[in-house]
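> The structure under discussion is supplied below as structure tokens; questions concerning it will follow.
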Amino acid sequence: MEQSNLRKSIAIIGNIACSITVILINKWIYKEIGFPNVTLTFIHFVMTFIGLYICEKLNIFCQKSISLKDVWLLSATFCGFVVLTNLSLENNTVGTYQVAKSMTTPVIMAIQYFHYNKKASLPVVLSVIPIIFGVICNFSYDIKFNVIGCFFACTGVVVTSLYQVLVGEKQKELQVNSMQLLFYQAPLSAAMLLVIIPFVEPLPWEWYTAFSFKEFMIVLSSGCVAFFVNLTIYWVIGNTSAVTYNMAGHMKFLLTLIGGFFIFNEWPQQNQILGIVCTLGGVLAYTHIKVRKKRSL
């Protein structure tokens, strides 16, 4: 029993630490090194696949045969959501980036309503109102507000929402878990980005003059941490529950904001704090309603 609780605690703490670290280190890479965004995402996908390959050989999960035609659309949205959210992180403050991600919840609700005719209950609808208000308030009073950052944040939220809906569908349709699905997504997404990189960013052989060995090692370490984010998500949900993972998400939300404030000196204005509080309150209310509904089933 004690070993089980220890394993759960390690999984939760590891996920929180890795999730916060990858955001802050990526922000530092963009701000201090200026490493190209799409190439960084490509490296993350490659590192994730290598990590998954090692995990599969260590029997952490079992590979399941999946046709590439079943995951190409999912891989394309995977590319879109990671690239766009990274661009949002690059062009916004950490606080605005983090708060904007909360809009994923109401956007998913809208997709489910218009595409699947799935209506949310009144309490759930009411819980997302402070989320929307908080995000708008935060953007309006952001000390570093810019149109392109807002664009990337908004498009990132839409594509992320589509991706999360598709992941849920594919896991049910193909009867696979997240690791089995990601084992195919990651290399296919990397291949898609490899086709795009020559048209939008410097080629690998140009890095020699643009970045030092130390800087490139920091980029690779970011890719390693990104893999451990996915691995610890699998551990947390596997050893606890999706509800526990969501609750850990609230802790990540707050700690990432605090990290951005101190590390990058991105202190929010008074009205931004109001927006952050409203957003967090809405997210907590939404989680509480979902947990209560699940327990009543």
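Using the three backbone atoms N, Cα and C, a Cβ is placed for every residue, glycine included.
Sharing the features that TrEMBL gives for it:
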- 12-29: transmembrane segment (TRANSMEM)
- 18-286: domain 'Sugar phosphate transporter' (DOMAIN)
- 35-55: transmembrane segment (TRANSMEM)
- 121-141: transmembrane segment (TRANSMEM)
- 147-169: transmembrane segment (TRANSMEM)
- 181-200: transmembrane segment (TRANSMEM)
- 216-237: transmembrane segment (TRANSMEM)
- 249-267: transmembrane segment (TRANSMEM)
- 273-289: transmembrane segment (TRANSMEM)
> What residues elsewhere in the chain lie close to the transmembrane segment (216-237), defined as a C-beta under 8 angstroms and at least 6 residues from its ends?
8, 11-12, 14-15, 18-19, 21-22, 25-26, 28-29, 33, 35, 40, 43-44, 46-48, 50-52, 55, 61, 177-179, 182, 207, 244-245, 248
> Three or more CB pairs closer than 8 Å, sequence separation of 6 or more: does that hold for the transmembrane segment (12-29) against the transmembrane segment (249-267)?
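Contact between the transmembrane segment (12-29) and the transmembrane segment (249-267): present.
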> At a threshold of under 8 Å on Cβ distances, which of 35-55, 121-141, 147-169, 181-200 pairs most often with the transmembrane segment (273-289)?
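Most contacts with the transmembrane segment (273-289): 121-141.
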> Any idea what the model's mean pLDDT is for the domain 'Sugar phosphate transporter' (18-286)?
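The predicted confidence over the domain 'Sugar phosphate transporter' (18-286), as a mean pLDDT, is 85.
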> Sort out the residues at least 6 away from either end of the transmembrane segment (121-141), same chain, that have Cβ-Cβ distances under 8 Å to it, and list them.
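Non-local partners: 95-96, 99-100, 102-103, 105-106, 109, 150, 153, 268-269, 271-272, 274-283, 285-286, 289-290, 293.
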> With Cβ-Cβ distances below 8 Å as the criterion, list the same-chain residues six or more beyond the ends of the transmembrane segment (181-200) that contact it, or say none.
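Sequence-remote neighbours of the transmembrane segment (181-200) are 36, 38-39, 41-42, 45-46, 48-49, 52-53, 56, 61, 63, 66, 68, 71-72, 74-76, 78-79, 82-83, 167, 170-171, 174, 230.
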